[in-house]
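S.K.: Below is a structure I'd like to ask you about.
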Amino acid sequence: MTAHRAPTGFDLPDREHVTEFWMVRHAETEWNSVGRYQGQADVPLSQAGREQAARLAGRLAGEHFDAVYTSDLARALETARTVARTLAGAPEVRTDPGLREIDVGQLSGKLRAEIEAQFPEYLKELREDPWNARRPGGESMADLAGRSKRTFDLMCERHRGQRALVVTHGGVVRVAVALAIGGSEKDVWARLSVANTSITRVALGPGVGQLISFNDVAHLERVTQALAKDDIFREVRF
């Protein structure tokens, strides 16, 4: 998919040929809160994360979506199911492994300090070529971008002219933003952070894309004492 033309405003030409995606990053996990790299580890939501998901569900209550998709990892699936119960028509939640976070391989479960001590060669490769450096036993950012694009292509084919809710991970959301604005995935990856349960809206179709809103966390203004105000925008840990 090459999404490069971004019309102004919210009205897209050929609306019947594009799909409006409401992209949601999963709620917080315990590993998020302490800065452990998750990747594709199946880590459940924390108590604060469940509160975030409930707040998101309240925010989206009564909204209509033609389809609801989620990564098959527990943190995304639990978030999606919490939200889906409040949507108009209680739609089926469909899992898609193409929406998983980047596979960080042997880095999974480790803190930054542990990675620095145990994987100096990988960090050297990351500094030299961050886009193509493959996590030990896992994926590179380029791998994630290619997988995510293929997944969006399939969803766009199925849901032209429709609206889909997609509960996924920070890396996948950033790929969607790059497609929407016609920018470089490398630049978007380096510059954007995606908050837990944030809503990002994009419209994608053949040769057209638009970013409607990004990283909307209005529902988290008073989430819990466990999440300090600045923590809502903490550095993303995969």
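Placed from the backbone N, Cα and C atoms, the Cβ positions cover glycine too.
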S.K.: According to TrEMBL, R25, H26, A27, E28, T29, E30, W31, N32 bind substrate; identify which of R55, R59, R75 is listed for that same site.
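M.R.: Between R55, R59, R75, TrEMBL records just one in the substrate site with R25, H26, A27, E28, T29, E30, W31, N32, namely R75.
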S.K.: Taking DSSP as the reference, which of helix, strand or coil describes R75 (substrate binding site)?
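M.R.: The residue in question, R75 (substrate binding site), is helix (DSSP, three-state).
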S.K.: In three-state terms from DSSP, label W31 (substrate binding site) for me.
M.R.: helix
S.K.: Hey, how far is A27 (substrate binding site) from E101 (active site, proton donor/acceptor), Cα to Cα, in Å?
M.R.: 13
S.K.: Sequence gap of 6 or more, C-beta under 8 Å: which same-chain residues meet both conditions with respect to T29 (substrate binding site)?
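M.R.: Looking at Cβ-Cβ distances below 8 Å from T29 (substrate binding site), excluding near sequence neighbours, one finds Q38, V43, P44, L45, S46, G49, R75.
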S.K.: Give the number of CB atoms, excluding that of R75 (substrate binding site) itself, located within 10 Å of its CB.
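M.R.: Within a 10 Å radius of the Cβ of R75 (substrate binding site) lie 29 other Cβ atoms.
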